[in-house]
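S.K.: Could you have a look at this structure, given as structure tokens, before my questions?
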Amino acid sequence: MVNFEQLVLTLEPKIAGGVRNLNLPTRVVREDGLIVREPQSGVFFLNRYNKLCFQRARSTSVSFTTNLIHRDSPKSPFYDPSLTHSQRVLATINRSYSRAMFFSSMLSGESNIFPNPQLANYLMNISIGTPPQEFIGVADTGSDIIWTQCEPCTYCYDQKTTIYSPKVSSTYNTTMCNSTTCMLVPMRSCVETDNTCLYIVVYGDLSYSSGEIATETVMMKSTTHDISFSFNNVVFGCGHRNAGMFTDDQTGIIGLGRGPFSLITQMGSSINGKFSYCLVQMFPHIGRASKMYFGDASTISGDGVVSTPLFSGNPETFYYLNLEGITVGSQRVDFYTTKPTSVEGNIIIDTGTSLTLLPQDFYNRLTLAVRRSMKDIQPIAPDLQNNLSLCYNSSEVLNLPVMVAHFNGANLELGPTNTFVPVSNGSLCLAFAPVEGVVIFGNLAQMNFLVGYDLYKKRVSFKRTDCMKL
């Protein structure tokens with residue numbers, strides 16, 4: 001248990017920002033080692049691997065599409081019109097390194113502190129409560145929890161939109177301390193007077209959210225049809241104390257990871273364990289929304305589809321793939337490193353990190369292959385600010401080398417916009433970088449691919465797609 005008062009009192013004086021002054025039913029069925037609890041329209045169960053799972057009581061699954069808004073889009077609360085292209089790219093690069101640092105700490109078990117939501121790249125709209133209250137949050141495949149600011153607000157950052165009020169929702173329920181749900185909350189505490197389960201999540205810059213673990217109805221509106229889909233008894237954090245580097249347009253976090261409390265996991269069989277996305281090329285189409293698909297709408301089929309196994313790892317939050325190597329032109333660079341890595345699941349696929357981050361020794365061999373394939377062009381001196389070491393004058397580059405990422409069972413041909421990024425006027429830099437610890441297949445490498453996840457079949461599929469046309 002966490003002493004919340006002591007922790008929050010420690011954090012509050014360090015926060016510089018604006019300030020304004022799953023209750024599961026009691027029916028329990030034990031069968032073959034499973035603990036089963038039945039909410040009104042679905043089933044939460046704790047399996048023998050101590051993982052909370054959710055099964056919706058629906059005869060058919062749902063299928064719908066929603067928008068993913070890039071943080072630098074004019075539609076985003078993070079949008080800063082004063083930034084130049086070069087400044088946006090530099091910020092993107094720095095966020096990738098910062099995010100990787102926290103991921104590395106999580107993978108090593110050294111820290112329970114998460115990357116700040118400001119380091120992620122996409123946002124999503126959902127509604128919570130009955131009647132529904134709109135909620136725009138950071139959509140993060142590297143996070144598990146869903147949380148939003150809640151009234152009464154003990155200590156909150158300024159928010160332009162109305163803060164969610166549990167009192168006006170007929171479907172809000174707190175979660176008890178002795179419930180299975182509460183037992184799975186990593187940093188939890190209890191209110192002794194009413195046995196309410198509490199949570200706290202702390203981010204790398206000491207931003208935090210703290211409040212009650214509760215259940216609520218979540219509604220998502222399809223962007224392809226004038227219809228909304230509701231999901232009952234979704235576990236989320238109702239944050240009464242939230243402070244730090246949050247913007248006044250941001251209302252919380254929408255975790256899309258693999259942990260028990262992410263939106264993906266809680267949708268469960270309602271979406272047949274399937275979701276996909278198609279990320280629009282960041283530059284120059286930063287104002288266009290990308291698409292995210294759930295259920296059968298996310299199925300990827302047809303010519304050009306390649307699939308690779310999805311592995312489990314620790315922490316369970318992440319989506320792990322197995323990278324076997326990368327071919328540059330005709331030269332293959334096999335993935336091996338002087339530091340030990342897992343044979344199965346040696347790289348995380350992540351939408352919140354832009355760069356593809358690789359171990360130093362593998363990165364060195366990869367950049368050597370790139371240099372050899374472009375031997376007639378002299379690299380330019382790298383900009384020390386952007387931390388990308390291999391750059392070229394774009395006016396001299398007629399053809400960039402074809403690069404193929406070799407995953408287990410899938411050869412993924414990457415286009416120039418997946419492998420090089422225009423850093424400033426006249427310069428192109430390799431969008432791969434060396435890093436200590438975590439290895440990440442970033443979102444630049446995934447742009448203009450339809451990327452589909454099938455959590456039941458444990459596989460990820462790719463199909464080259466013009467995401468602007470979807």
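Placed from the backbone N, Cα and C atoms, the Cβ positions cover glycine too.
Got these off TrEMBL a minute ago, pasting:
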- 122-463: domain 'Peptidase A1' (DOMAIN)
- ASP140: active site (ACT_SITE)
- ASP350: active site (ACT_SITE)
S.K.: Taking 10 A as the limit, how many CB atoms besides its own sit near the CB of ASP350 (active site)?
M.R.: 27
S.K.: Helix, strand or coil by DSSP: which one applies to ASP140 (active site)?
M.R.: strand
S.K.: Quick check: in three-state DSSP terms, what is ASP350 (active site)?
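M.R.: DSSP call for ASP350 (active site): coil, neither helix nor strand.
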S.K.: Cα distance, ASP350 (active site) to ASP140 (active site), nearest Å?
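M.R.: Rounded to a whole number, the Cα-Cα distance is 8 Å.
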